[in-house]
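Database features, via Swiss-Prot:
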| type | residues | note |
| --- | --- | --- |
| SIGNAL | 1-23 | signal peptide |
| LIPID | 24 | S-diacylglycerol cysteine |
| BINDING | 48, 51, 52 | heme c 1 binding site |
| BINDING | 81, 84, 85 | heme c 2 binding site |
């Protein structure tokens, strides 16, 4: 039996994706003569069916032709049997055929990302948990830990929650076989690559029903994967965990491993609607909770949105890191997996499951994803970077993307409407940046030309024109540039017309690292040069101009050439923030010999960068402009003590009189100094991205705001802040060491 299973497993691995493009294989599935794969003429499906209609799958007894005609994407796409097996003109039932038993590598011949959608099945499955797991043939375990048990259970209806699987009547519905084998391609795929249909039992010893946990009346990927990796009951009505209610949400019990939190999909893939942001237009939802990822359950690839055939996530504590766990602990996921680990700690069993289900991230670590009701139309302009949906839609079609977010649909979020949004929020999921998580294929927005909207306000009589800045094409790093260019640039201030210089602060927004890297987003003072030195090379990393640093541009070249690529961190740090290791391989390519970087040197550089920004903040405070890290960022120092007192740090006390410092003619330069401070405070890696550009911005901002003149008296300006007790001497010394005694 096992030999037959092995034989048909190979045959059934024709395709692992439901999409294939015309042009693969024969010209016509019904036999217009042409040359098929393997260089042999084709004869059409009718000839195949004549002889092979009686051939059955050894394990199930089902007709292979019936399976193919029922579910194969190659049949419905009009490709035909010969698109996988090769031309049949020499076959005639006994002669050769090019690919009698096509395997996963045969699939890859067409599924290369060009002819048809790419698949990582030919390489990834071999090392997957599905392929290397221990065969378990016990009454319950064989349902998901053997090929035969899974396939026969699909037919018998032995699928469902714990009560269903532990019921002996249900167990006895599944025929026994003489031996059991590993999960294979054929466990999930019928002949021709279609997904197997799954039956379930409604409760213990209940009637057999269709397994349809996303309740869309279609056999799809979510049904297949969650038949073992349970998340919902057969009709989607009940969340399956360990049976303990979660913040008022009733749950059932998963089919097995109900006391092992990292085996329960819902501990990481369920975001509790009841704890989400306030619904409604304009709702802020500040400090909403996100407990898990929200799956696009009825989409084409709800599981393959983030997984491929590698089937190895390694969520279990202590396991080797994977791309999935790196991402889940990263800022793009708000550190959600870290929150789960911290909540579980040393707990075990049901207590661990409860802790994991209730663990969440909020504004503390995930402010980019939790602070507002991002999917409501009132936040439409934010959706490009604060939702995976907006990011994916922009990168798929930058020219056609509506910056108001009007084209974004979040129908996979519970209760969503465009006006009110949903009480669930997205993180930056894998599919935000990738078109294919299994192969790693990135979205391709091309070189980013950013349109920084004009600054306009009817209340202050302010008008401004839009500013357009073109950035170079940096391959895969274009994906990063999509959201790391800020919302406003220094040029926006220069493009403003305002009669009295009294207006709200122009906010650069956060983490605009790409703009600093290419020296384009700061407020640049007239008569000063900001051209990069000829030897500056950080903007060339990941290009042909910097051999040995990769091919995906500077963002990926620095942040993703580490053992933990999807942590997006080029260094590791200890609890104090000190750099403990430089893990990016790009650094050592150039910084070698006398220019070699050390963790200690990089820590010192960062500390001096921060000190120079403290000096700039102090100089601004000396003019009555107080910085506080909350919108609108700059406030009036009403008692002139140089300190942001609680009563001063409120939005009604926002600093707006920029002309009041040095007169109407210079108001833009005053705001420019504040703009540069805000821009760089919110780019903590600015010292590494482009140290020449950021030093010049800080130098010129301190130089100007101190006395309204660009006269290079920066050292005196910093010393004056110490004298006025707005800056301590140690910080002043570090700031002067960073900036030097002459303009960088």
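Quick reminder: no glycine exception, Cβ is built from N, Cα and C everywhere.
In three-state terms derived from DSSP, residue 84 (heme c 2 binding site) belongs to a helical segment. Cα proximity to residue 81 (heme c 2 binding site) (within 10 Å) is found for the following binding-site residues from 48, 51, 52: 48.
The Cα of residue 85 (heme c 2 binding site) lies closest to that of 48, out of the binding-site residues 48, 51, 52. Here the CA atom of residue 84 (heme c 2 binding site) lies 15 Å from the CA atom of residue 52 (heme c 1 binding site).
Fewest other C-beta atoms within 10 angstroms, among the binding-site residues 48, 51, 81, 84, are seen around 51. Cα separation, residue 48 (heme c 1 binding site) to residue 84 (heme c 2 binding site), rounded: 13 Å. Summary: among the binding-site residues (52, 85), the fewest other C-beta atoms within 10 A of the C-beta are counted at 52. Separating the Cα atoms of residue 51 (heme c 1 binding site) and residue 84 (heme c 2 binding site) is a whole-number distance of 17 Å.
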